[in-house]
Amino acid sequence: MSTTIIGFPRLGEFRELKFTTEKYFRNEITADELLAAAKDLRAKHWNIVKEKGITEIPSNDFSHYDNFLDAAFLFNVVPESVKNLDLTELEQYFALARGYQGEKGDVRALPMKKWFNTNYHYIVPKFEKTTAVKLAGHKIFDEYQEAKDLGLDTRPVVVGPFTFLQLSDFEDGVKAEDFVDSFIAAYQDVFAKLAELGATRIQLDEPALVKDLTADEKALFLNLYNKILADKKGLEVLIQTYFGDVRDVYNDLVNLPVDAIGLDFVEGKKTLELVKGGFPADKTLYAGIVNGKNIWRNNYEKSLAVLEQIPAEKIVLTSSCSLLHVPFTTANEEFEPAILNHFAFAVEKLDELRDLDAIRNGQGAESLAANKELFAIERVGANAELRARIAGLTEADYTRLPAFAEREAIQKDAFKLPLLPTTTIGSFPQTKEVRAKRLAFRKNELSQEEYDAFLAEIIDEWIKWQEEVGFDVLVHGEFERNDMVEYFGQNLSGYLFSKNGWVQSYGMRGVKPPIIWGDVTRLNPITVKWSSYAQSRTDKPVKGMLTGPVTILNWSFPREDISIKDSTLQIALAIKDEVLDLEAAGIKIIQIDEAALREKLPLRRSDWYEDYLDWAIPAFRLVHSTVAPDTQIHTHMCYSEFTDIIPAIDNLDADVISFEASRSNLEILDELKAQNFQTEVGPGVYDIHSPRVPQDGEIDHTIEAILAKVPSSKVWINPDCGLKTRGIKETKESLTKLLEAAKAARKNL
C-alpha cells in the first residue's frame, strides 16, 4: 500500500503567495520576482510532503490564482477580448481573473462561482465561436520539470475534460459537443509531452462525476474517455473524483481502460457499497479516507473498518479531496494541547495518511493506541438550557406574521423610499489604517476609548459621504469587523479561533474559519453599539448588519459529534436574540447575510430538501420570525448558482434579497420572472471583486436589463457584494456611477 494526496494548499504556511502576488499587483515587484517566489514556495511544499513519507507527490496542484483558470490557459480557452490586448501571458491570466482597465484596454473579469459545495471559488472559462481548443500552455510541464530537477518524480494534476466542459460557460450557438474532438487531441498532446519529459502517470480531476448525470452527460463522459484513453502515450492515468460518490457512472468508470480510480470514502454516501459490489483487479483504487474539508483528527478505528471492507487488491490511501480546503499546519497555533490534539490541518493529515498506511501494514501500534485514547475522551459537555430551548420550538417560531404582501405595503408606507432605492451590501474599504488600529487594539496598544473614538470618526465620515451622494439606505461600514463570521463567533460561546488557520477562498483571498468546539449561545449583544451609533448620526435608515446562521455554520469548521442541523439551530437562536436587540434599539432595517446558503446544498438533487433545505430555510426564518411588520428584513447571497433553488429562497420570507449577478450577466433574472418571485430584489449592478470601475453607461444598461425582467416596485439598486477589500478611490467612483444611473433610471419610469 502507498499514500498520496489530491492536492496541497497553495498560499503557503504564512500566506507568502498572497503577499507576494499583492506586491506584484501594486507594481512593487516584477513578474520575474513573483514567478521566482512561487517556484521557491512549490519546492518548499513538495519537500514537506516528501519528508512526511507520502509516496506519490502531486504537481501542478499549485496555482497563481485558480487551477480551473490554469486549465483554460493550458487548452487555449481564452476570450478574444483578452488575446487582443497587448499584454504578457501573466497579465492576460490576471486580466481574466480580476479584469483589466488601463492604457491597453478595458475588459471585465470572467465569472466566479463556488467550487461544488466548498467555500473555494473557481474562475469560469467561456467558450466562444472562435475558441480553438489546443495545447497552448506550459505550466503543467514546467512544474513537473521543476520537481524532477529536485529529484522528485511527481504525478501531474489537471482538470479532466468532462469536468472542464461541464463547469464552463458557452457563448450562444456553441455547445460542449463542438469541442470533444479537439479536447481529445489536446489531452493526448499533454500525455505525449509529459511522457517525453519522463513522467509515468497523470491525475485527471473529475469531480463532476459525483453529481446527478443525464444520459447525454454520461454519453459525453464516455465518448471523451474512450477516445482519450485509446492512446495514453505510455502514462498511467488516474481519474480522480471527490465531494461525493459516482453512483451514476461507477460501472462505466471501472470498465474504462484507465489505470487507477480515485473515490471519496468520506462524503461519498454510496462509495463503499459500490466498491463492495466489485472493483477490477487490474486497477488501483485511490481511497479518499482522510477528510480534506474538515480539521478534526481522523478516527483511525473507523477509517480502518472502512478500508477492511474494500475488496480492491491495489490500494493507495489519499485525502478525500485537495487539502487546499483546510489550513496549512497546527504547528503555529497556540491552543492548549488538550484542544490542539483534536485538530489536523494539511500537514497533520499527511501524518494521518502515513499512520493509517503503517497500521495497515502491521506497524503503527503506538499511533493507533494514541488515536483510540484521543477519541475516548469526552471533549465537551452539552448546554442543557440551550438544548431545552431548541426542543421547545414549535411551528409558530418559524413563521412571520403578517404575510409578505401585507408587510410590503406597511414598509413602503413607513419608509417612503423612492422607486429603485439605493444601498450598499454592508462593508466599506478597510484601509491599512483601519487594520492597523484593530491590530493595535487587540494587542492592548490602543485603549478601548481610543479605538472607539477612531471607529466613531470613520463611521461619521462614511455616513456623511453616503448622505452627500444620495444613498437612500445607509450602512455603518463594518470597520470594527475583521471577518463576517469570525466577528460573530468571537461573541458566541462554543467557538475557537486559530491564529494562522487561513484557507484560500478565491484568488489571493484567504478566510480564517472559526472552529465550532461546543454548544453555541450568544454571550452579549454584538452589533447594537455601532449600528445604534451610526443611526444616531443620520435621519436616513441605517441597516443593521448580521451574518445568518447557515452562513456562520458553513463558513466555520463544524462539529462532527452533533448534526450540522442542530449546530445551525443553536446559532440561529443566538442571531435571533441579536435581531430583537437591534429592533429594540430602533434599527428598522436589518440585513441577515446568507452568502453561503447554497454552499452546502447536496450535489445530488434527491438530497436537497431532506438533507439540507428542510432545516436550513427554517433556521433563517427562526431568526426573524418575531420582528414587527414595519421592520424590514434584508438578506444577501453571492457567488453561487441560485436559479435552481429560487422557490426555497423565496421561502426564506425576507422582505428584500440582494444577489451577486453582474459577473453572470444577470442570468438569474429570467428565473426570478419565471418563478414569480415575490421578495423584493437587488441584483448586483457591478462587480466588486475586481478593481475595475464601470464605464459610463455600463450600470445604466444593467439597470435597464433588470427592469425588463423585474417590476420597478420590486427592484433595489446595489453593488454585488461588500466593499471591504476594495480601495477608497475606486469604491467612491463606482458608487457615484451607481447613484447617477439609479437617478437616471427613475426619470424614465
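Cβ atoms are placed via backbone N, Cα and C, with glycine included.
As recorded in Swiss-Prot:
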type	residues	note
ACT_SITE	H689	active site, proton donor
BINDING	R15, E16, L17, K18, K114, W555, E599	5-methyltetrahydropteroyltri-L-glutamate binding site
BINDING	I425, G426, S427, E478, D593	L-homocysteine binding site
BINDING	I425, G426, S427, E478, D593	L-methionine binding site
BINDING	H636, C638, E660, C721	Zn(2+) binding site
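Overlay of Swiss-Prot annotations on the structure.
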residue	record	DSSP class
K18	5-methyltetrahydropteroyltri-L-glutamate binding site	helix
K114	5-methyltetrahydropteroyltri-L-glutamate binding site	strand
I425	L-homocysteine binding site	coil
E599	5-methyltetrahydropteroyltri-L-glutamate binding site	coil
H636	Zn(2+) binding site	strand
E660	Zn(2+) binding site	coil
H689	active site, proton donor	coil
C721	Zn(2+) binding site	coil
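Counted over all residue pairs in R15, E16, L17, K18, K114, W555, E599, the record's binders of 5-methyltetrahydropteroyltri-L-glutamate, the longest Cα to Cα distance measures 27 angstrom. Neighbours of D593 (L-homocysteine binding site) among the binding-site residues L17, K114, W555, E599, H636, defined as a Cα within 10 Å of its Cα, are H636.
With every protein chain in view, the residue among the recorded positions R15, K114, H636, H689 whose Cβ has the most Cβ partners within 10 Å turns out to be H636. Taking only the Cα positions, the spacing between W555 (5-methyltetrahydropteroyltri-L-glutamate binding site) and C721 (Zn(2+) binding site) is 17 angstrom. If you take the Cα of K114 (5-methyltetrahydropteroyltri-L-glutamate binding site) and the Cα of C638 (Zn(2+) binding site), they are about 9 angstrom apart, rounded to a whole number. Within 8 A of the CB centroid of the L-methionine site residues I425, G426, S427, E478, D593, the other residues of that chain are T424, V475, M484, M545, Q591, H636, C721, G722, K724. Max Cα-Cα distance over the annotated L-methionine binders (I425, G426, S427, E478, D593) is 13 Å.
The DSSP secondary structure for D593 (L-homocysteine binding site) is strand. Taking the Cα atom of each, I425 (L-homocysteine binding site) and C721 (Zn(2+) binding site) are about 5 angstrom apart. Listed in sequence order, the binding-site residues near H689 (active site, proton donor) (C-alpha within 10 Å of its C-alpha) are C721, out of R15, E16, L17, K18, G426, C721. Only C721, of the binding-site residues L17, K18, E599, C638, E660, C721, have a C-alpha within 10 angstroms of the C-alpha of G426 (L-homocysteine binding site).
DSSP gives W555 (5-methyltetrahydropteroyltri-L-glutamate binding site) a coil state; it is part of no helix or strand. For the pair formed by C638 (Zn(2+) binding site) and L17 (5-methyltetrahydropteroyltri-L-glutamate binding site), distance between Cα atoms is given as 25 Å, rounded to the nearest Å. Within 10 Å of C721 (Zn(2+) binding site), judged by CA to CA distance, lie the following binding-site residues from the set R15, E16, L17, S427, E478, E599: S427.
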